[in-house]
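Q: One structure follows; several queries about it will come next.
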Amino acid sequence: MTNSSFPHAAPRVTAAQPHRAEILENPLRTYLLGIIISICGNVLISISLNIQKYAHVRQSQRGSKPYYTSLMWWCGVVLMGIGELGNFAAYGFAPASLIAPLGCVSVIASAIISVVFLKETLRASDIVGGTLAITGTYLLVTFAPHTSTHITAQLVQYYAISWHFLLYLFIEVVLFCILLYLYKRKKVKHIVIVMLLVALLASVTVISVKAVSGMITESIKGQLQLIYPIFYVMLVVMVASCAFQIKFLNQAMKMFDATEVVPINFVFFTASAIVAGIVFYQEFEGLALLNIFMFLFGCLLSFLGVFLIARNRPKIKQQDRNFIAMDRIPGRRHTDKVQPEAKTQTYGSLAAKFMCNSAGQADDS
């Protein structure tokens, strides 16, 4: 069956494959609920980022206590947790290939909030990028697959041993080992190498997050799924892949500028999530060619929008690594005080990195 907008069709049941009987047409209300939860979660994330950034700036201006002693900063952390929880829950209601690209909402909202409340400069590229990203989001929502699955333990097990997923997993492991060898042994510190490592881990994260979220959703509805070992296997995979994903992303943030890391991470993460949804959950099965083309076109517009918003953001001038402070010179009496500007630059740099890191959906707080 093909879908071109929001269809109201009968459930798909295949008698020849009993596990496929659990693949049902997603009701419009449930589908929209997943979209709304994801958008609200991403907006909360962008609000939390700007609250934490403002707390960084305010603490640096006062020059007294560390930023993590600020109540406002912790409010931002709580909002961040709620937003991420919303994104997690959204995977249980809508396809992973749709939820992942909606991460561009966080970048758009963050840019708007930073201009309105933090008085940052509004650039022409921000307007064009925001317009492209919003248009891309509309195309994603309209032409994305409107079918989803009732994620049960039996269905996850069935998908996990399918030949196309095992082939996909084998290719991914081989690529990951090659990239890790180049990165660790050959010391190839190219941004594409690091971000590909993040993306390969992200595909596993998306698969496990949707599985865990879907099984929790089914358990809440009355069909208990937490008694099956596959739930805890997916939970461990989710936690481990998230941890290593954040580790590599933080290393990229240290080696490269955030204006490079954020758009590349968004593109790679979204592409890996879409591929994971197609291969593991078969989300594009039965989708019309027009829908596939328009969906991919929406992804392209979102990619360009995020790139325009993130490119050439004002950089905070950092202290030269070869610079030695006057109070650190051997033999000099420690009578000089560090200038307040240096402290401000340090906190400002941390705030900028923190904001862009989380905009790539991997916050290290």
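Glycine is no exception: its Cβ is also placed from the backbone N, Cα and C atoms.
Got these off TrEMBL a minute ago, pasting:
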| type | residues | note |
| --- | --- | --- |
| TRANSMEM | 31-51 | transmembrane segment |
| TRANSMEM | 71-93 | transmembrane segment |
| TRANSMEM | 99-118 | transmembrane segment |
| TRANSMEM | 127-145 | transmembrane segment |
| TRANSMEM | 165-183 | transmembrane segment |
| TRANSMEM | 190-209 | transmembrane segment |
| TRANSMEM | 229-249 | transmembrane segment |
| TRANSMEM | 261-281 | transmembrane segment |
| TRANSMEM | 287-310 | transmembrane segment |
Q: For the transmembrane segment (127-145), which stretch among 31-51, 165-183, 229-249, 287-310 has the most Cβ pairs under 8 A?
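A: Looking at each of 31-51, 165-183, 229-249, 287-310 in turn, the most contacts to the transmembrane segment (127-145) are made by 287-310.
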Q: Top stretch among 31-51, 71-93, 165-183, 229-249, 261-281 for CB pairs under 8 A with the transmembrane segment (99-118)?
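A: So the stretch in question is 31-51.
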